[in-house]
Amino acid sequence: MNKVVIVSAQRTPVGKFRGRLSNYSAVELGTAALKSAINKIQLDPKDIENVIFGNVVQAGTGQNAARQIAVNAGLPYETPGMTVNEVCGSGLKSIILGKQLIQLGEANVVAVGGIESMTNTPDLILKKGDAPVKSFMHDGLTDVFHNMAMGLTAEAIATKYEVTREEQDTFALNSHLKSDKATKAGKFNEEIVPLEDVNGETITSDELIRPESTIEDLATLKTIFKEDGTVTAGNASALSDGGSALILMSESYAKEHGYTILATVGQHAEIGCDPLYMGYAPFYAVESLLNKTGKTIQDIDLVEMTEAFSAQSIPVKKNLNIPDEKFNIYGGAIALGHPLGSTGSRLVTTLAHALKQEDKQTGIATACIGGGLGIALMIEKGVGL
């Protein structure tokens with residue numbers, strides 16, 4: 001099979017709900033990211049043979065968001081596009097599908113990514129006479145099997161794995177501090193596409209990072225989902241807006257046409273679990289991926305995992321034995337935000353750049369998925385695997 005490489009990986013800043021990026025639709029965020037990914041390597045848009053983007057809350061985005069992004073980014077009308085929805089794994093799934101197209105010889109160049117504007121998601125009236133419901137809650141953040149908010153699944157994990165409120169708040173604070181440090185050190189500069197915000201000002205960094213937070217401040221926040229629970233707005237990821245895009249190529253095509261290879265895309269794993277404990281699914285996905293590749297966690301230099309909640313991130317990290325210096329080294333979704341369809345491809349974007357910047361070799365991106373799924377993908381810096 002053809003070896004698959006990443007030659008460009010770009011993302012927008014992540015904007016908070018009804019914040020600085022509220023003037024952009026999900027499609028516009030994806031278009032900005034894809035245009036930047038194309039321009040970064042001076043790629044002729046007509047050389048892209050397929051476009052695959054993840055998008056979770058598709059109500060109101062119009063027909064086939066990936067197709068819209070392709071056309072709006074300057075690709076020929078002849079280029080096909082497909083929108084995928086695997087909830088919070090959508091962005092990662094787009095990369096896996098693009099990888100498989102290239103491996104099978106169906107294409108040499110595929111654009112992949114993910115989008116979400118939670119700000120601009122509409123309300124739904126499910127039946128005539130019903131009160132409106134938020135589409136991002138109904139289609140994105142509610143477990144259909146137990147009819148409960150994702151936050152209650154986090155509470156279930158906190159109970160099962162005995163994760164305390166203090167542990168969750170400490171984890172959240174560390175995420176913010178890592179993201180703030182990374183931002184100030186310019187670690188995101190190579191991946192972020194500057195945009196003009198709702199006020200006409202340029203936004204070049206993620207909007208949700210709160211370095212001024214303290215443990216004392218976090219301890220004052222009320223629990224959201226359960227009166228005697230532990231999950232708060234401070235130790236959970238926030239509603240947010242963002243887009244990310246990557247250009248995948250066959251290794252032979254990239255070399256033949258002189259493109260610099262940022263990373264090589266390796267094997268992946270997807271696995272299901274009890275939906276009540278969906279946040280723990282990355283444990284099973286990473287375990288499956290390691291077994292599949294014959295590697296151990298000691299062989300992995302960096303892990304990027306969706307921090308949907310501190311409550312689920314802590315036991316996954318602990319039980320996989322991932323040391324602090326390898327885990328979300330630039331912070332995670334608790335600090336950066338979690339635009340559902342974009343986060344998976346944002347993880348790989350950040351991971352690919354981090355491997356290069358930190359001179360590390362092998363990384364895994366992994367995410368929990370509502371409904372009880374886990375997904376994980378291995379990549380290596382430059383030409384590897």
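Just so you know, the numbers here start at 1 and follow the chain as drawn.
Placement of Cβ uses the backbone N, Cα and C atoms for every residue, glycine included.
Automated prediction, rather than curation, is the source of TrEMBL annotations.
Annotation source TrEMBL lists domain 'Thiolase N-terminal' at 4-252. Marked as active site, acyl-thioester intermediate by TrEMBL: Cys88. Summarising the annotation, TrEMBL assigns domain 'Thiolase C-terminal' to 260-381. The active site, proton acceptor annotation in TrEMBL covers His338, Cys368.
Mapped onto DSSP classes, the domain 'Thiolase C-terminal' (260-381) shows 57 helix, 33 strand, 32 coil. When pLDDT is averaged over the domain 'Thiolase N-terminal' (4-252), the result is 98. When Cβ neighbours within 10 Å are tallied across all protein chains shown, the highest count among the active-site residues His338, Cys368 belongs to Cys368.
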